[in-house]
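Below is one structure, written out as structure tokens; the observations come after it.
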Ligand code: AQP
């Protein structure tokens with residue numbers, strides 16, 4: 001059995017980009033692998049968070065994990081800050097990373113744009129992500145395309161330690177889906193859909209009601225040509241919507257293009273509204289059933305115990321190989 005690890009930041013409600021890029025894979029992988037899914041709260045404080053909101057979002061993300069189909073009987077679900085090995089390993093890896101490689105991370109460049117000085121955590125965040133993955137001897141990391149560079153960095157750090165210190169880490173592989181790997185913002189198809197973007201109509205959250213889903217899709221940016229054709233360069237808006245359509249319906253982009261030939265954007269968008277509303281309905285129902293229960297907290301407590309036991313073994317090996325302690 002391969003070991004799978006991934007996480008989501010509790011920075012707001014999960015949107016269809018997170019779902020199609022990452023969570024859908026989480027569910028697919030859990031039958032044939034040992035899966036560990038984390039709510040990465042330590043990552044979320046790289047930017048200021050309201051403590052009460054953060055706690056709420058941690059439980060929201062945990063409930064959404066289960067609502068989309070992650071089964072705690074099959075997969076470990078836990079909160080990152082409950083396992084101290086993440087922060088501990090992160091420091092050891094920081095001492096084996098270089099400022100040059102960190103400065104090349106495009107997410108750091110984007111998030112620190114326009115600032116004279118950025119929070120150091122924003123800069124070292126990819127090392128914490130590497131620690132998350134390496135702590136569990138993970139073979140596979142299902143993520144969206146935006147994390148490709150961070151996975152590469154994680155592999156580089158693991159290989160570096162293996163070669164310069166001692167063979168310590170499993171070198172993981174990223175896993176990216178074709179259809180949902182990068183869902184773009186509905187109001188601006190040049191940037192990715194994001195939880196923390198100001199405009200709520202830039203995204204569809206998994207908990208949006210039918211009215212909000214309709215509004216966001218109907219006002220999504222397209223172009224003046226009016227032809228439903230997949231061309232991300234020339235027609236990024238409609239291509240993004242076609243991607244969403246394809247990922248939810250399972251229909252290929254070619255088939256979508258053929259079936260909407262001669263029809264307008266209005267018809268296409270109306271159908272997409274129905275498809276997304278239908279996909280979100282069971283998720284919302286499941287979420288409401290689990291969110292306020294004690295069971296949810298018990299699952300996280302048990303998950304942290306299971307994850308902690310694996311992490312402890314890795315940390316013992318890491319400390320031994322690095323000569324830490326006595
Ligand atoms: N737009 C996207 N399309 C496909 N996949 C995406 N992911 C994020 N955005 C898209 C994938 O979702 C997983 C969880 O992401 P995250 O919570 O760790 O952080 P993020 O990538 O920074 O996501 P957001 O939504 O943009 O959050 P904020 O606004 O807080 O920065 C990852 O696997 C990611 O690839």
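Every residue, even glycine, has its Cβ placed from backbone N, Cα and C.
Now, the feature entries from TrEMBL:
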BINDING   9, 10, 11, 17, 18, 144, 145, 146, 183, 192, 193, 194, 195, 196  ATP binding site
BINDING   132  L-tryptophan binding site
MOTIF     10-18  motif ''HIGH' region'
MOTIF     192-196  motif ''KMSKS' region'
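Positions of TrEMBL features highlighted on the structure.
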residue	record	DSSP (3 states)
9	ATP binding site	coil
18	ATP binding site	helix
132	L-tryptophan binding site	helix
145	ATP binding site	helix
183	ATP binding site	coil
193	ATP binding site	coil
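Proximity of residue 18 (ATP binding site) to non-local residues of its own chain (separation of 6 or more, Cβ distance below 8 Å) is seen for 8, 144, 195, given in sequence order. Taking Cβ pairs closer than 8 Å, the motif ''KMSKS' region' (192-196) reaches residues 9, 11-18, 47, 144, 146, 182-186, 202-203, 205 in its own chain, all 6 or more past its ends. Taking the Cβ of residue 11 (ATP binding site) as reference, residues of its chain lying under 8 Å away and at least six apart in sequence are, in sequence order, 44, 47, 49, 57, 195, 196. Within the set of binding-site residues (9, 145), the lowest number of other Cβ atoms found within 10 Å of a Cβ is recorded at 145. Among the binding-site residues listed (9, 145, 183), 9 has its Cα nearest to the Cα of residue 132 (L-tryptophan binding site).
For the motif ''KMSKS' region' (192-196), the model's average pLDDT works out to 91.
Here the binding residues for ATP are 9, 10, 11, 17, 18, 144, 145, 146, 183, 192, 193, 194, 195, 196. Their largest Cα to Cα distance works out to 19 Å. Proximity of residue 183 (ATP binding site) to non-local residues of its own chain (separation of 6 or more, Cβ distance below 8 Å) is seen for 15, 16, 17, 20, 21, 144, 192, 193, 240, 243, 244, 247, given in sequence order.
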